[in-house]
Amino acid sequence: MTTVNVSDRPAHDLKADVLVLATVDTDGKAALAAGHGLPRGAATHVAAQLAALHATGAAEEVLTIAAVPGVAAARVVLTGLGKASARTTAFDHEVLRRGAGAASRSLKNATRIVVALPTTGAESVAAVAEGAALGAYRYAGVRGPSAQPTKGVTTVTVATSDARVKAVKAAATRAGILADAKAYARDLVNTPPNQLFPQSFADSVKARNAAATAKVTIKVLDEKALEKGGFGGIVGVGQGSVNPPRMVTLTWNPPRAKASVALVGKGITFDSGGLNLKPAASMLGMKSDMAGAAAVAATVFAAAELGLPVKVTGYLCLAENMPSGTAQRPSDVVTMRNGTTVEILDTDAEGRMVLGDGICLAGEAKPDAIVDIATLTGAQMVALGARVAGIMANEDTFRDRVGTAAASAGESAWPMPLPTDLRSQLDSSVADLAHKGERWGGMLTAGLFLREFVTEGTPWAHVDIAGPSYNEGSPWGYTPKGGTGFGVGTLLALVEGYAG
Ligand code: BES
Ligand code: MN
Ligand code: ZN
């Protein structure tokens, strides 16, 4: 865990391994950005280094210089914020997050860092703190006994003249909790699927709860309880695997809660496609098919740690989608938790089946709103690419509310429609519902399918994170390779919005 704090002492006087400063791109040449607070001699030294290195100050440019006279830290890391003037003090929060993140991501052998980027109050301090803490994330991996454990960043100090302002201190604390929550979600996604299966996922959330100061209530339904409870969607998807399915509920229920929000996460710990087996290349990366459930679990813990006055219930719909003699078949008809029957057409469309049951269960508690989050369709990536999530909802105002939460968190998402014209694609001749539509608009018909399980009158949104939950490419900003933790920021901001 990374500790985040703030200090109003001069950044160059603070004891640390690294001092992070920002540069800006002024006509193709890097200049120190505002807010560095360096004494003149140090600033001149850094400026000369920037010129000698032909630095540009472009976003993602990160340079390290050592032994700057007048700076206590042995290393100074300069991170580009892109085009701006050397006097600019107000930057877009996501620019600050990425700049701070690119810097901390570049670090080796640093445990204490001080970050002195241009800030203008609590929200920008939060962005710098979040970026720095998120960029410091490393997945430890599964290593043998001879591996050397790597020492990562443990303390991030954000330099700001507002360090004594209550809102600024609170922002730093929140940034630490958020970064820690995202790190948990990333770890879950990165864990190999032979180690993370439904029961071990349940064990992981129990262990995290046991170690936490603010406890949540955890309930686990095993395969027998799921069968008895009529969760035909989850049971059907999970029945092909030797690792049986689970439904895990995590509840943060503070006294005098102002509202209640239900979060439902797709938790397919491995999606082979089932009998409709995926081709080899598409199967790689499918350990990340539980990223929605990971984001939900991490958010409930973060809400508890922040002591938010909102009831938050997370529903983790956990199953492993495997082919075998006991696996679900195309043409099977299963009965979902609310009694709706569904004709299975393609066992690879498993996410909507586990989510359908999860949305039913969430609705039974009559929450003020339901959000489901899922690596649901390849069509999401076709439509929006690998970095932008799709948001669908049964009410435009609620869809926009989720979109605003995403924007504030620096998680790119875009509104998508649920065209009623496409609903007839889900008609079946043998059951109440067919479980997929045509190829075109596959993200939208998946959303329309889920909508069938939402109780009338409850605001509901569906966030498809197939692309942004898992980074197959190079790291960028504060986003590592592999699990990204996408969704935690959106869900937490949404829940906070209900706190008033
Ligand atoms: N988990 C996949 C969706 C996915 C694809 C996530 C690529 C991340 C990257 C999902 O279960 C799936 O297989 N969806 C099918 C649905 C189809 C069979 C209707 C798809 O998108 O092809
Ligand atoms: Mn699938
Ligand atoms: Zn899937």
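Backbone N, Cα and C atoms are what each Cβ position is placed from, and that goes for glycine too.
The domain 'Peptidase M17 leucyl aminopeptidase N-terminal' annotation in TrEMBL covers 36-143. According to DSSP, the secondary structure content of the domain 'Peptidase M17 leucyl aminopeptidase N-terminal' (36-143) in residues is 40 helix, 19 strand, 49 coil.
The domain 'Cytosol aminopeptidase' feature in TrEMBL is assigned to 184-491.
Counting Cβ atoms from all protein chains shown, LYS266 (Mn(2+) 2 binding site) has 33 others lying within 10 Å of its own Cβ. In the three-state DSSP assignment, the secondary structure recorded for LYS266 (Mn(2+) 2 binding site) is strand. The Mn(2+) 2 binding site annotation in TrEMBL covers LYS266, ASP271, ASP289, GLU350.
What TrEMBL records for ASP271, ASP348, GLU350 is Mn(2+) 1 binding site. Counting every protein chain shown, the number of other Cβ atoms lying within 10 Å of the Cβ of ASP271 (Mn(2+) 2 binding site) is 27.
TrEMBL lists LYS278 (among others) with the feature active site. Residue density at LYS278 (active site): 15 other Cβ atoms are found within 10 A of its Cβ, drawing on all protein chains shown.
Here TrEMBL flags ARG352 (among others) as active site. In the three-state DSSP classification, ARG352 (active site) falls within a helix.
Across the domain 'Peptidase M17 leucyl aminopeptidase N-terminal' (36-143), mean pLDDT in this model comes to 97.
The Mn(2+) 2 site is defined by LYS266, ASP271, ASP289, GLU350, and by the 8 Å test on Cβ atoms against their centroid, the other residues of the chain that qualify are VAL237, GLY267, ILE268, MET286, MET290, ALA319, ASN321, GLY351, VAL354, ALA374, THR375, LEU376. The binding-site residues considered are ASP289, ASP348, GLU350; of these, ASP348 has the fewest other C-beta atoms within 10 angstroms of its C-beta. If you compare Cα positions, LYS266 (Mn(2+) 2 binding site) sits closest to ARG352 out of the recorded positions LYS278, ASP348, ARG352. Same-chain residues at least 6 positions away in sequence with a Cβ under 8 Å from that of ARG352 (active site) are, in sequence order, GLY233, LEU376, HIS435, LYS436, ALA446, PHE449, LEU450. In this structure, the recorded positions that sit close to ligand 3, with a C-beta under 6 angstroms from any of its atoms, are ASP271, ASP289, chosen from LYS266, ASP271, LYS278, ASP289, ARG352.
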